[in-house]
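Here is the structure we will look at, set down as structure tokens.
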Amino acid sequence: MGLALHWLDQPLTWLYWTGLHVTGWKLIGYTGALMFGGRWLVQFIASKRAGKPVIPRLFWYMSVVGSLMTLSYFLFSAKQDSVGVLQNLFPAFTALYSLQLDIKHRGWKRDRASH
């Protein structure tokens, strides 16, 4: 691996007391998975407030960051799982494209009510 990120494959010693084997890459993967899954809570809250189905921009930001974090885990960790790469590659591109469309059509600083 060309990147000097081997330290992320080492167990996090401050979590030894839990009995869990967590590396830096797993922490990145967990955070990405939580962010990617949590975007649906953001969408639910925004739709509930608006009284209609809406997808706020935060949904797309969380999609992009969550996908890239989990993609990084599957690409660079000791796991190097091709299934995980494929599973997260497509959502990353579609989220980036949707975010680009949202910015293009609604503007960079849009009114909150214009969902």
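Cβ atoms are placed via backbone N, Cα and C, with glycine included.
In TrEMBL this protein carries:
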type	residues	note
DOMAIN	28-98	domain 'Lipid A biosynthesis N-terminal'
TRANSMEM	27-46	transmembrane segment
TRANSMEM	58-76	transmembrane segment
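For the domain 'Lipid A biosynthesis N-terminal' (28-98), the number of residues in each DSSP class (helix H, G, I; strand E, B; coil) is 60 helix, 0 strand, 11 coil. For the domain 'Lipid A biosynthesis N-terminal' (28-98), the model's pLDDT averages out at 92.
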